[in-house]
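Notes for the one structure printed next.
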């Protein structure tokens, strides 16, 4: 009996035309049947947003051997939900988000539409991976990341991931990658996030900007340290965000009324 090819579902938050997504497709060709359901335009920072106030549509934009590409009017999470409900012929072997234009290390994982894709796949019990490059430009060079993407994806297809666990993989913007580091998420936060401007017709408006404040720049087990030193940062990420260590302490609080 002929073995089925792996079924790979891709999406992103930069849109179906983004270079990162198309480089991801190129890097994964030959590994299985690839189905893409991506937003019809940029949806960066969408996180886990879903569309509930109006209908969502999708359209086929490309089809060739072992590759079918659709664009969707919804969010990145909508794309995964809709693809699983409509266009995939069976349960995917892996869900992949990316390659994102810009890193999703540290707290960025909470804002990221790319990781929204990954978390949605993980919630559905499917092994899921997010790939991101530390370069926001539309013409970013993803070539050095592609061999690692292929290897990591092969390993996930071979071993699988435990229920509730997904991978957040970030690449430094360099042609000379030093290798892979298994990392934890860096502790930090965005500061000075808003640029205020005055409108010529009166009033004010704001652009989201900001800078990242790394609370632990010397932490060699963190993703930011790895990226800053030329390593691919692989961070296992979990769906269950319960702070188990706090549960017993809370039981001692007087919370009843």
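We count from 1, first residue shown onward.
Each residue, glycine too, has its Cβ placed from N, Cα and C.
In Swiss-Prot, the divalent metal cation site is described by 13, 14, 100, and among 44, 47, 52 the residue recorded at this site is 44. The C-beta environment of residue 44 (divalent metal cation binding site), restricted to residues of the same chain at least 6 apart in sequence and closer than 8 Å, consists of 13, 14, 102, 113. Within the set of binding-site residues (13, 14), the lowest number of other Cβ atoms found within 10 Å of a Cβ is recorded at 14. Under the DSSP three-state reduction, residue 44 (divalent metal cation binding site) is assigned to coil, being neither helix nor strand.
Sitting within 8 Å of the Cβ centre of 13, 14, 44, 100, and not among those site residues for divalent metal cation, are the Cβ atoms of 12, 15, 18, 20, 42, 43, 45, 76, 101, 102, 112, 113, 114. Around residue 100 (divalent metal cation binding site), taking its Cβ as the centre, 31 other Cβ atoms fall within 10 Å, counting all chains.
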